[in-house]
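Listed features, source TrEMBL:
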- 27-46: transmembrane segment (TRANSMEM)
- 66-84: transmembrane segment (TRANSMEM)
- 91-108: transmembrane segment (TRANSMEM)
- 114-136: transmembrane segment (TRANSMEM)
- 157-178: transmembrane segment (TRANSMEM)
- 190-213: transmembrane segment (TRANSMEM)
Amino acid sequence: MKKNISNNDEITSKINRNTKTIILDNLKFILGLIFIILLVNGIIRIDAHYITNFSIVSGEQTLTEITQLFLVLITIYSFIKLSFEKKELKQASVLIGCFFVVVFIRELDFLFDLVYHGFWVVPALLVTFSALYYAFKDWRKGLNQMADILEIRAMKVVIIGTILLLFYSRLIGMGSLWKDIMAVNYVYRVKIIIEEGTELLCYFLITFGAILVRKELKKQK
């Protein structure tokens, strides 16, 4: 009896392989987030330092905006590539990828405005309806696939980043808010840097999550 107890104590006193994996994975995740925060801070500082007329320069000409576009492209690639790597998740992967294609189109609205103001809505709607038709032509299969992807923990990072992008970054970037905060000291440059910096952080979170989702799903057989 005493021997069994001592054996059990010996087993519980050892750090098993699963424990090491969990701790290391979480440490990598934390370090990844810290790295993202440092990157965002660095990019904003570069724009603020070298683009002295940040307040009047079109956002599309800044390193912040260029980085945002690059991150959206990586996110799109991650999910579209996943649709080829995991055929059983093709419909849902394409739908998510196309959602970010629409986000990319919206970020390029300044180019579509060369046709006419607000023209970006046309290609965005075409992509949206095409993706919805493809994903839900067999809607039960599409929903099951979406559930399988949403089950991956890293999708929570993608979702959080997307919600912050669509709602919080818009609210924090409202001119009326900053006019109330700074009153007579209102400076548009401060407002736009905070808004674009918040969006950049959101895009980094989304891309980080998308890469982790693809990595996790590729491990599954």
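Using the three backbone atoms N, Cα and C, a Cβ is placed for every residue, glycine included.
Automatic prediction, not curation, is the source of TrEMBL annotations.
The listed stretches are 66-84, 91-108, 157-178, 190-213; of these, 190-213 has the most Cβ pairs under 8 Å to the transmembrane segment (27-46). Through the fold, the transmembrane segment (157-178) approaches residues 103, 186, 188, 190-192, 194-195, 198-199, 201-206, 208-210, 212-213 of its own chain, all at least 6 residues removed from its boundaries and within a Cβ separation under 8 Å.
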